[in-house]
Ligand SMILES: Nc1ncnc2c1ncn2[C@@H]1O[C@H](COP(=O)(O)OP(=O)(O)O)[C@@H](O)[C@H]1O
């Protein structure tokens, strides 16, 4: 089983990286770029044998404890290939 | 219009961060974790007025030139909310 | 702005009922919410030093070398040949406990700004850290986050982190300490101050845009923690060392011109403290148009703009007609810049929002007129028992060798290489004596250098605050002198518990008295410092930790000494008692 | 010799490179602003260390789009000498001046310390007069110096003698323990095919004065002067 976790900065939290990337894209000629936010994309490979529900529960715990910094970040979990 | 870009390390390129995360997860009691790969999740807000096809083309160019380093990284583009 | 000010609103602003009465008296009317917010920030412990001010007056703050004592963004000491050094230490304890990486990072960013606003180029940083028991579940997470945050910010901006200290003790379990020090060099005759002089001069905002970061952080830092504060998590400030590096270069470039009369960084309490303090020092007033402030988010209110703690921002007062020089330099460095107001002779701070007057406050009550408390003090009842303990009554260790090994393995005593390896301690080509010894030595110019050390034997301060205060100064001065530096100035960061408790207030007053007496004895003036109170969780205070950083002048950097044994056969001597 | 030191926003070793070129070596040196394009009269362009654009997204990724980089690429194509140090090496990789890419250090931490380098090719403008096999002490200070190149290209790089320096122990042996970041084949510095572009993670400018602890780094600059 495979899980995908998307970790993004909370709304309102400064994203220095995104800002720098947006600026650089528009100075490279991509004027249509209005905003860029940088987050993490985490692929987790899990041992088979558990249900998608159970897996999601465990992933939530992993996010809370390690994968995301919940003071400034939100996360979203997707279970694939169950 | 909004685009999402997923940048991941190519298979075969060692992922020191992913390895470290996998190790700490299993030492925290998440023994079901077999492997972790860390990538980037980039949200790009685009000015309206272009087609999703055109947007995808532009995004591909952004990835090739800046968002991904194709020596070590792959990327995938999703256009949403057209 | 028509919110009615209820006792609850007053309380959530950290103001006591009698303080609110004083505000009404000073205003001669009810304040509105924006005005209340500004008072709450200016009268917070963090900005007003209301519990500590009385005691700090006992420090010796002058001397032949002192060019600027306490009261400015940083202290400045003459080092001869037309050069001076500016330095200060600041705490970022509460933010670091909530989000260790960003808390520590923005602490470094803040102290750097304090130094380069004086016109000094930062050349070295130190930090003094305290964490809980190594086995406490949060300790490792805090330690990793704090050191990574210091590294992340300091390395990126390119100022070497050359030393510091770290200690672990259970008293810091719920309240880590992160104190950051920076020193910079400047021409002795070109010191910039946070002064809004010259009626009619433009007030200019530069740096990063304002967001809703850490609103109420300054009042939070002055309130004791309880279980729920981890829930209440305010919007944490995120640092951007890249923007700060641009801000540093742009400010120093601007200071080469004669376009500005005053400059101050927006630290905790952001636009509020910078504007009020600059006006206060000059005895002037300020008019500001808040809608002209560069904003990062939509729908921000004047209240949020005034209380935001967004990082990497500065307020500048320029000479009339020189606005374009300021704008040109900041645009060159891709930074935001906006003329937001002007200096007035009204003695009041007037804030406008799209042309409407949104707040009008007299400056004096906000600064000089802030409350000063002589809080009750009492010697802790258990101190006699603690002091009566005679270590000689302990049985001698059976195996001295293994006891020694156990001792050197204690995290507080063990090598800190794990930490300083993560800090770029060599950038700028100045680090003559690297971390790992008693004090670092950094080249200033030619053969001239400075020796730097930050110390605090906090257990000693706990057992005897007066003696502990003296020992703190003695230790830092000794560390500086053994590498070849003559102590010429000191900055402090006084970390204590809740000053409303008489025992804590007594510890504070005694420690300050000890520091002051030792400084007098060693002829080392206190030129800057910072007070961090309410370092308590659930009623349990930390060890009193009045950290001191001493700066020593090294006349010849080729004549310094280091701690390690050099060669077999050399003789070993033991000095002192 | 005339050195030009590029100033990228966020670079922080630009003054260090300038100091060594100008004050330690007594050579002509000038800064080149990243938005300028004038490299005329320069013999050697230095891409200095630091955190250009905060190292955001990837180290060097944004800086390589600075206007000056187009000129640096053509300067190198015409045989001009270019040395990229630390972040400058990363920028050179992103710009395609040199092959490969940098990954995070395997420790995942920033590491600042002295390491030992072995000179692998003594026949370059940057190592002339230093015998192959010479061991030099030099500081590193980076979080992403874990050099990566796919197998086939790595074999070619090695075969063409384009590895300039390798991390070794004090005795000059290539060991895993002496590898501070996980770089493939302990690679610390590489050359382009023509040999006029050098990228290296260690900072030669940081050990160029005895009062700072050593002068091994100076040898690279001295080799340049003699070339
Ligand atoms: N937080 C820190 N940051 C940088 N260097 C540190 C830090 N903590 C300790 N060091 C360095 O490690 C060395 C030993 O520290 P410490 O054991 O606290 O010294 P001492 O016991 O002599 O006061 C010193 O050189 C000090 O500067």
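Every residue gets a Cβ built from N, Cα and C, even glycine.
These numbers come from a predicted model, not from an experiment.
Under the heading active site, nucleophile, TrEMBL lists D:86. According to TrEMBL, the active site annotation covers D:203, D:205.
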DSSP three-state assignment for residue D:203 (active site): coil
Cα separation, residue D:205 (active site) to the residue listed as 'active site, nucleophile' (Å, whole number): 11
Residues near residue D:203 (active site) in space but at least six apart in sequence (CB under 8 A): D:13, D:16, D:49, D:85, D:86, D:138, D:139, D:140, D:141, D:217
Other C-beta atoms that fall within 10 angstroms of the C-beta of residue D:205 (active site): 30
